[in-house]
Amino acid sequence: MAVEMFYDDDADLSIIQGRKVAVIGYGSQGHAHSLSLRDSGVDVRIGLKEGSKSREKAQEQGLTVGTPAEVSEWADVIMVLAPDTAQASIFTNDIEPNLKDGDALFFGHGLNIHFDLIKAPEFVTVGMVAPKGPGHLVRRQFVDGKGVPALIAIDQDPKGEGQALALSYAKGIGGTRAGVIKTTFKEETETDLFGEQAVLCGGTEELVKTGFEVMVEAGYAPEMAYFEVLHELKLIVDLMYEGGIARMNYSVSDTAEFGGYLSGPRVIDADTKERMKAILADIQSGEFTRRLVANVENGNTELEGLRKANAEHPIEVTGKKLRDLMSWVDRPITETA
């Protein structure tokens, strides 16, 4: 089924220019939304808790900052861009008591709405505007007169104005310059979680670590294994990002292409596909979200344990040593401090 696409001519910027927008959070997406909306002539304020390290940064960039409760009371459009696991408590404590008839509650990701962790009053418009790129790219493209494709969705529309408002907001951050796709909270949430877990984060990470283990256990130097299964991954992903799988196969050697065709299906086979379906089923049923919430309620103990085990994998030790040789690689603070 073809998706609905919208561009600049389909969106009326004056709609969002006539509203007061509170952006909750000032991370990657929060700063991009706020600055771009401001530059589009929108009245914007940032909601950050007292003591947040981001307060000074936002103020230095000329933005008005208040607590989430203060800016929610002032605004009639509230964009929630805080971390998923913090959104429900922020909504309950700071946003919900200040909601008024005619307000709109927007999100950059649908998890909390789709899985009923947040239930907005019936008189509030509930929507989503989600650029398909990191905040620094959203902001850079906007400044350059371009845009990053975005998704919009409407979950609750008491006044029948939700889509026009979402498109106007998307135009304010440059999304309609590239193209905006209409979706649903269900589709965005479930596809996003599946991509992260089965392919982008979980699947890729385990593939890399297992490949490293196989090579080291076979007697190859850890440094050689690291280069072959992790370091060179960026070269392949960049080619796929720029032109798809066909571009990647065109660009690599015939030896690599032929070997990939033969061996790829031996690694990712029908059994793997069935396990991926099971992951999707856990997402669709809400099982993953229940476990995510339980982890937060238990003080992040499960997540911290998984992080610790991951950090102790031999590939991390080898990688840090090799990255010391790479002057062109931007080093994370944890490795340079």
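Placement of Cβ uses the backbone N, Cα and C atoms for every residue, glycine included.
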Out of GLY133, GLY135, GLY145, which does Swiss-Prot tie to the same NADP(+) site as TYR26, GLY27, SER28, GLN29, LYS49, SER52, SER54, ASP84, THR85, ALA86, GLN87? GLY135
Out of ASP192, GLU196, GLU232, which has the highest number of nearby Cβ atoms, where nearby means within 10 Å of its Cβ, if these are the binding-site residues? ASP192
Within 10 Å of its Cβ, which one of these binding-site residues (SER28, THR85, GLN87, SER253) has the largest number of other Cβ atoms? GLN87
For SER253 (substrate binding site), the three-state class that DSSP assigns: coil
Counting Cβ atoms within 10 Å of each candidate's own Cβ, which of the recorded positions LYS49, HIS109 comes out highest? HIS109
I'd like the Cβ neighbour count for TYR26 (NADP(+) binding site), meaning other Cβ atoms within 10 Å of its Cβ, all protein chains included. 26
Reported as an integer number of Å, what is the Cα distance between TYR26 (NADP(+) binding site) and HIS109 (active site)? 15
